[in-house]
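Here is the structure we will look at, set down as structure tokens.
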Amino acid sequence: MSEEDLDDDIGLKPGVIVESSKAKYTIIKLLGEGGFGAVYKVHETNNKEKCYAMKVERKIETRRHSKLKMEIMILKVVSAERKQSHFTTIADRGKKEKEGFFFLVMELVGKSLADLKGARPDKVFSPPTGLSVAQQCLEACEDLHKYGFIHRDLKPANYACGIKDKHIIYILDFGIARKILNEKNELRAPRESVRFKGTVKFASISCHKNVELGWKDDCESWFYLLLDLVVASGLPWRRLSDKHEVQKVKEECRTSKRESMIGSLKCKEELGKIMDYIDSLKYPDRVDYHYVYKLLEEGAIVCGGSISAPYDWE
Ligand SMILES: Nc1ncnc2c1ncn2[C@@H]1O[C@H](COP(=O)(O)OP(=O)(O)OP(=O)(O)O)[C@@H](O)[C@H]1O
């Protein structure tokens, strides 16, 4: 690989070969670009059948936290807790000192939930698909939480279905995750004030208020994700971008605007219980995920389906 194969944004061109200590990978195409790097589809140079996703991050000496390092740390510790893991496996990793970037080679997954939803005629999933997909999204979150991490950026774009088995949902992008347990497995003391992190549309109210986030805040973002997947009119604050205005509407949705958020759904009672439960939690509280899974299952039945039915895209 020469310097010419890179532009300012680590734009690795198709055909470029990136070499680690154990294998060579050929860039096929760009899958997406983020703030600090990009994700490419690659194949093993010697075997076109072996395709992966390669996440690349530019090395910047002044940056305190490498997003890729956090990603690698999490994917290494979060082993398969279930029959089928919701985490991609790491195939390889390396750094290119001269070109100034780090890379992670991982299992390739399919379309993101945001793309799958966008491809539907009415831009939402049927409630049984939405509730079942959301259950898998929360399972992924539960597994991450077990290891003392919180994700802090849960949204449909950060989950994707599998390639071989399109019924499996994977969680992606741990770039701004945080470990909230210390070495002794005790909860870290909350900081006085915290800078806003994540995505305005899916941020928890505590995040808007610059308060320390805990497990329950991932659950609140997950709840907005669930509504985004199934409510045809979308989240009530979908057209707002100002953080303060979004916070105000999120707060009103707990009182006067509750109907506008979940009222259109047949399973509004079950979802209302989930929201009230999440809202009752405080920073140090652990989450009773099984209480939520049970309500999701009941909600799917109320909507005339089943949590175990095939998905809209299957
Ligand atoms: N393992 C994977 N397989 C296939 N596509 C992937 C994989 N990981 C990430 N992607 C895709 O690459 C794109 C960017 O991924 P990701 O969100 O992880 O990167 P990012 O640089 O942190 O982005 P952002 O800063 O916007 O959150 C997304 O479209 C995502 O769906």
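Backbone N, Cα and C define each Cβ position, glycine as well.
Annotated domain 'Protein kinase' per TrEMBL: 25-301, in sequence order.
Among the features that TrEMBL reports, ATP binding site is placed at Lys55. Within 10 Å of the C-beta of Lys55 (ATP binding site) we count 26 further C-beta atoms, all protein chains included. The DSSP secondary structure for Lys55 (ATP binding site) is strand.
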Mean predicted confidence [pLDDT] for the domain 'Protein kinase' (25-301): 94
